[in-house]
C-alpha cells in the first residue's frame, strides 16, 4: 500500500514531556533548543516567526514547550490536533509548514507511547494552545531518506491502508522521523531540522464499535455494503442519506480459518479496495494492481490497525473508518479526506 503509511513519520518527530501547567516542560536533551523564540498568533494560517542561534547543534533528541497554552488539558487516549513548521538547524530558514491547511491529528495511544514515549509523556497533561519545539537526529543507516516538513505536509501518503503512520495516524505532517543525517561512523548524527508544533485542539478518540453495535447499524442500513463480480472484484456501495458512524465499524463478512491471529505488530498480506464515504469513489485498490500487498499493522492508519487486529488468514471484512482514524479532513498530498470505507480480504498473517 504505497499510499497509506500513516503517522509513523510525525510520531517519530515529536518527543516531549508533561509537567506542571506553568512550567516549560521538556524531555530528552532540550538544551540546544533554549535559544528558540516564537512570535505567532493562535490558529494562524501562516507559519510562526521563529528565531534561534545557528547553527543549532543537536546530537540527541530533545523537546521543550516554548509557550504554554491555556486551553483544555490533554488526557491519555485523546486525539491531539496540531499544525507544524520545520526550520533548518544550519541557518534557521523555514523548510516548510502546514499552517495553511487543516490541522492534522495524532492519537495518544499505546502505540505512540511505545514508539515515542517522549511526545506521549509531554502531551499528556499539556494544554491546548501550547507551542513545542523538537529536534531529533537519526542515523542515516536507519532510514532510506530524509524528508522535510514541506507544504506537501504529510508523513503519510494517501490511501491504501498501509502507512508508508499514526496514525496516526494519522495523520501527520511531512516532517520525517529521519530528521537528521549521520556524520560519519565515528561522529554522532546531527539533527538537520527543528520542528515547531502548535497544539490547536483536543478531543476524545473514536472507539471500535462492538459486534452488537455494528449489527444494529447493519440492520438499520447505516453501513456500506459490498458485492463481488464474477471475477471476485468487489464494489462498495455507500448508503444514501446516511452519515458515517462517528466510531470505527468493523463488519466481519467472512471468518478466517488461519491459525495465526493478527496482533498490532503482525505483518498482514491482503487484497483491498478503499472508497471515500462522501462520494463512494475508489482512491486505492490492490485489485486494480493485480496483487495483494503486505504491510505491518503498526505502520498503518489507526483504523486498519484496530480493524484488522484479531483477524486471521481468510477473513473478509468491511471497515468504516472515521476521518480521525484515517487521514483527517485536510486532504493534503492527495490523500483521501473524511470517513473512509475499505473492503479487505486477508490472504496471510505473520
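A Cβ is built for glycine as well, from the same backbone N, Cα and C atoms used for every other residue.
Checking the ranges 14-55, 56-97, 98-139, 140-181 against TrEMBL, the region 'Disordered' annotation falls on 140-181.
Across the domain 'PPIase FKBP-type' (265-350), DSSP helix (H, G, I), strand (E, B) and coil residues number 17 helix, 34 strand, 35 coil.
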